[in-house]
Amino acid sequence: MEGIKYIASLVFFFVFLEASKTEPVKHSETYCMFQDKKYRVGEKWHPYLEPYGLVYCVNCICSENGNVLCSRVRCPTLHCLSPVHIPHLCCPRCPDSLPPMNSKVTSKSCEYNGTTYQHGELFIAEGLFQNRQPNQCSQCSCSEGNVYCGLKTCPKLTCAFPVSVPDSCCRVCRGDGELSWEHSDADIFRQPANREARHSYLRSPYDPPPSRQAGGLPRFAGSRSHRGAVIDSQQASGTIVQIVINNKHKHGQVCVSNGKTYSHGESWHPNLRAFGIVECVLCTCNVTKQECKKIHCPNRYPCKYPQKLDGKCCKVCPEEPPSQNFDSKGSFCGEETMPVYEAVLVEDGETARKVALETEKPPQVEVHVWTIRKGILQHFHIEKISKEMFGGLHHFKLVTRTTMNQWKIFAEGEAQLSQMCSSRVCRTELEDLVQVLYLERPEKDHC
């Protein structure tokens, strides 16, 4: 019976939340509103609570004055060694008092991961929530053909050998699950009448004291509904996220994409097996539906040399390196500067380091490629490609701007290193040579 008392507490708290939901009706009409559903006077029902489904241990009735009265079911003391739990019933029964099989109520069963579950049956789902904590577990229930799953936070255990119980995914200490449902009277919770003349909430003499009740209830994010309720992590147990699985489709207050769970309003880039993360497509979880759209990059940028960054779909304008002193015309001490790009690729134990210079005359990009294995230069060559082709190479990053004179110094030193590093290990020589391309600020701003 572990967890049933907690579920009933959730129901009573939810009834209190429902008390704030009222509608103007005529005096001649008397009915009860509960979970956005109308009930006639005298009508009885079991409340519904995700992810547990119908709570058979709580009975609700619509009274003559329009109040919703919910009470816990009082289970009798059984005088048998092995009581049996019956679906659709709160209290267990002794085997000799079970009804015949042909009188069993027929309800829709549920299908989940190749297993069929009967209405009211609880089970554990592994791998449903990817971001669950070590003290959390996924508990599901079957209710009228729908599978309701929730992430439940388990209480801290104070024993060395916890045991499993049939009605909860959380393990408990032996004896903790044997909760007593023996009460002198049923606990009753009232909801104000749904009439034009409003009634304030009246506590029944059977209701538990406020201090006792508040201590065992989770804090809800809002008072409109229990859907999407966020449970305090310090509470003993509770549901953080609900997922409703109807047939083979998942829906509820979350979206599931590529094995990951996203809450309403959360955005992400889809991860396709053949392409990896698609940076230029953005998906957003809209209650239960994934809405994906293509990101359109601007045709013009406020800077002359926008930069492609890893993890970004569109190019961005880089911040100008603070150590350089360019004037408004993109020159350094009267000499024109050109952008320098760099890329480092590692594959099969080889490192390819590329340094590229973009020139206006001629309009091309000169790429110097170094292929290094175990610190020794294996291959060196120079490529000249068009700006259009270079624009499609997203692994290059803008590192600085340099002048043609500095680039010539770099090329001369590069020729010397290509001979020297082909026969011995060169670890810092190329890195030191690249520093030649960085322009130093002249003293007192004089060239």
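Numbers run from 1 along the shown chain.
Just so it is clear, glycine is given a Cβ too, placed from its N, Cα and C backbone atoms.
Annotated domain 'VWFC 1' per Swiss-Prot: 30-95, in sequence order. Sequence annotations record features per position, and here Swiss-Prot assigns domain 'VWFC 2' to 108-174. Sequence annotations record features per position, and here Swiss-Prot assigns domain 'VWFC 3' to 253-318. What Swiss-Prot records for Asn113, Asn286 is N-linked glycosylation site. Swiss-Prot lists 199-219 with the feature region 'Disordered'. According to Swiss-Prot, the signal peptide annotation covers 1-22, on the basis of sequence analysis.
The helix, strand and coil residue counts that DSSP assigns across the domain 'VWFC 2' (108-174) are 0 helix, 27 strand, 40 coil.
Cα of Asn113 (N-linked glycosylation site) to Cα of Asn286 (N-linked glycosylation site): a span of 26 Å.
Mapped onto DSSP helix, strand and coil, the domain 'VWFC 1' (30-95) counts 1 helix, 24 strand, 41 coil. Across the domain 'VWFC 1' (30-95), the model assigns an average pLDDT of 79.
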